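As given in TrEMBL:
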type: TRANSMEM; residues: 34-54; note: transmembrane segment
type: TRANSMEM; residues: 61-81; note: transmembrane segment
type: TRANSMEM; residues: 128-149; note: transmembrane segment
type: TRANSMEM; residues: 155-173; note: transmembrane segment
type: TRANSMEM; residues: 194-212; note: transmembrane segment
type: TRANSMEM; residues: 224-244; note: transmembrane segment
type: TRANSMEM; residues: 256-276; note: transmembrane segment
Amino acid sequence: IGGSFIPKKKGLLRLCRRGRARAGQGGHAYLQEWLWWAGLLCMGIGEAANFAAYAFAPATLVTPLGALSVLVSAVLSSVFLNEQLNVHGKIGCILSILGSTVMVIHAPQEEEVSSLESMAEKLKDPGFIVFAVCVLVSSLLLIFVAGPRYGQSNVLVYVLVCSAIGSLSVSCVKGLGIALKELFSGKPVLKEPLGWVLLVCLVICISVQINYLNKALDIFNTSVVTPIYYVLFTTAVMTCSAILFKEWQHMVLDNIIGTVSGFLTIVSGIFLLHAFRDMPFTPDLLPLFL
């Protein structure tokens, strides 16, 4: 997934040099660029592996490992896109990996969901319904109100859309994973309407994510978009999973502290990677920094 940002960004840059309508301005000329499709294929392979992981493990355990994609994307961007990665960025990458490790060690266990019927009951939970409505309303406001005004100058606008919708797509992936398990065990899953509804919702969510992620990548540096997207997406997924699967309900205190500390360590690393990306650092500046 981290590597997929590079060909997509290079494809968008090629279109910009040709004078084609940019994705950040609402253009979709990238659909005719083979480099962009190569990046999408790489992302598809990575997301397929994510799909398998979400089917067998809690989302709060799987999602933090996405910090590795931030590391890969930052390193490859400095090599292939000539985007700067100074010592602050390298320290930020290390902190992201350490934070992910701590989160994985202390990750919560989700409530067992073994059938589409139990998944349907969880989707009817009032807490999840309120969360989903808030996500959809805020996304619509970002797309139609904040986007035209601030989308070209503020990286958070389009990335927030991707992250918020992404939390719902993870829920769809979890449900489809359960459906595939039942299908392979011989149950008549294809006759269940919930499976098809989840599939349609997943396609819509992924389409929205791809569209607005392309807008963000076209306007801002990959080294900026990727880490911010990771932090916001992880936060949204953890919130959604906590509401839908009650992952935090039976956690002991040390695991709660470990999970929160690991996540804050990741956020600190991402902040270093993003905030000081344009600041030069040489040994003679060390006394000044100290």
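Yeah, the Cβs are placed from backbone N, Cα and C, and that goes for glycine too.
Among the listed stretches 34-54, 128-149, 155-173, 256-276, the one sharing the most Cβ pairs under 8 Å with the transmembrane segment (224-244) is 155-173. Counting residues 6+ beyond its ends, the transmembrane segment (155-173) has Cβ neighbours under 8 Å at 50-51, 54-55, 59, 63, 123, 132, 135, 138-139, 142-143, 146-147, 198-199, 201-202, 205-206, 208-209, 212-213, 215-216, 219-220, 224-225, 228-229, 232-233, 235-237, 239-241, 244 in the same chain. Tertiary neighbourhood of the transmembrane segment (256-276): same-chain residues 60, 64, 67, 70, 74, 86, 88-89, 91-108, 223-224, 227-228, 230-231, 234-235, 238, 248, selected by CB-CB distance under 8 Å and a gap of 6+ residues from either end. Residues 122, 157-158, 160-161, 164-165, 167-168, 208, 212, 236, 239-240, 243-244 of the same chain lie 6+ residues outside the transmembrane segment (128-149) yet bring a C-beta within less than 8 angstroms of a C-beta in it.
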